[in-house]
Amino acid sequence: MKAAVVTKDHHVDVTYKTLRSLKHGEALLKMECCGVCHTDLHVKNGDFGDKTGVILGHEGIGVVAEVGPGVTSLKPGDRASVAWFYEGCGHCEYCNSGNETLCRSVKNAGYSVDGGMAEECIVVADYAVKVPDGLDSAAASSITCAGVTTYKAVKLSKIRPGQWIAIYGLGGLGNLALQYAKNVFNAKVIAIDVNDEQLKLATEMGADLAINSHTEDAAKIVQEKTGGAHAAVVTAVAKAAFNSAVDAVRAGGRVVAVGLPPESMSLDIPRLVLDGIEVVGSLVGTRQDLTEAFQFAAEGKVVPKVALRPLADINTIFTEMEEGKIRGRMVIDFRH
C-alpha cells in the first residue's frame with residue numbers, strides 16, 4: 001500500500017509499505033480520506049521528537065475491510081475513524097472517569113503508532129468511532145480532529161443558550177468552534193481575529209460580533225458591548241490572544257485554551273481570584289465526544305470547509321501550511 005512516511009531529514013516520502021496481520025481486537029480499514037493537520041507538520045519536523053518511519057495521519061476515515069478475533073464493535077462495510085486518540089490503557093483513573101484522552105499510556109495515531117495517511121490502516125476496533133450515514137467522509141475527516149477538538153472546548157466552556165462566547169482565532173479550528181457554539185449550543189458568538197478575511201467569513205457563518213484585534217482592543221469592546229463574555233475559547237497561537245481572553249470574560253467566566261503558543265501566558269492572579277475566572281486547557285475529545293461531534297455534522301449543523309488533494313501533494317501541502325496559505329482543511333482523498 002502507499003503511505004506518507006516521515007523521513008529523517010524532516011521530509012515525507014510517499015512509499016510502499018506492507019501491513020502486518022491483524023491481532024485480537026483490531027480491524028483493517030480501507031482508507032477513504034485523511035485530513036492534514038498542523039500536528040502532522042510538527043511530527044514531520046521532529047518538533048515532538050524523532051518520528052522517522054512513522055505513517056502520518058490522525059484525521060482518517062476508512063471502510064472496514066476485515067476484523068480480527070474478538071471484534072464486536074465493527075463489521076466489514078462500516079465507516080470508522082482513525083483519530084489522534086488511538087488507544088488508552090482502559091483501566092487508569094482517566095480512562096475510568098470519562099477523561100480517557102489524559103491517559104498517561106495513551107497511543108496517538110500518526111505519532112506513537114502508524115496513522116491513517118495511507119491506503120490502509122490498522123485500528124483498535126473499540127477505539128475507532130463509527131461515522132453516521134449522511135456524513136461525507138471528507139467532512140468527517142475534519143471532524144475527527146479539528147471538529148471534536150473545538151466541540152469539546154465549547155462543551156468545556158459550559159456556555160448556555162443565549163450567552164456570549166468569544167472565539168479567538170477563526171482559522172480551521174475557530175471556524176468549527178463558531179459553528180458548534182452557534183448551531184449546537186445556541187450561544188451568541190464574538191469572532192476575534194487579526195485577519196479581516198477570516199472575520200468576514202465568520203460573520204457569514206453567523207457570528208454576532210466580529211472584532212479585528214490587530215486594530216482594536218478586543219477585550220475592551222467585548223466588555224463594553226456585552227458586559228463581558230460568559231466564556232472564551234482560544235484557538236489562536238498568539239500569547240496576546242490568551243491574555244485578551246482573560247480580560248474579555250465577565251466575573252465567573254471561563255477561558256478554554258486550545259491553541260499552543262510557544263510563549264508562557266501572563267495571568268492577572270488578583271483578577272482571577274477576585275472575579276472567580278477559570279482558565280482550563282482542552283485536549284481533543286473522547287470517543288463519546290467524537291460520536292456527538294459526528295452526529296451534529298451529519299445533521300448539517302456543522303459544515304467543515306475542505307479541499308481534496310492527492311497523496312502526492314503532501315509535501316506541497318506542508319509548504320503551504322508553513323507559508324500560511326491554507327484556507328479550510330486539506331484532505332487527502334484515497335477514493336480516486
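Cβ atoms are placed via backbone N, Cα and C, with glycine included.
Annotation source Swiss-Prot lists Zn(2+) 1 binding site at C37, H58, C145, citing similarity to another entry. Under DSSP, C37 (Zn(2+) 1 binding site) is assigned to coil, being neither helix nor strand in the three-state scheme.
Annotation note: C103 (Zn(2+) 2 binding site) sits in a coil segment as assigned by DSSP. Taken from Swiss-Prot, the feature Zn(2+) 2 binding site applies to C89, C92, C95, C103.
The two recorded residues H58 (Zn(2+) 1 binding site) and C95 (Zn(2+) 2 binding site) have their Cα atoms spaced 20 Å from each other. Between C103 (Zn(2+) 2 binding site) and C145 (Zn(2+) 1 binding site), the C-alpha separation comes to 18 Å.
The local packing around C95 (Zn(2+) 2 binding site), expressed as other Cβ atoms within 10 Å of its Cβ over all shown chains, amounts to 19.
Cβ crowding, taken as the number of other Cβ atoms within 10 Å, peaks at C103 among the binding-site residues C89, C103. Cα spacing between C89 (Zn(2+) 2 binding site) and C145 (Zn(2+) 1 binding site): 20 Å, rounded to the nearest whole number.
The Cβ of C92 (Zn(2+) 2 binding site) has C103, R104, S105 as same-chain neighbours under 8 Å, each 6 or more residues away in sequence.
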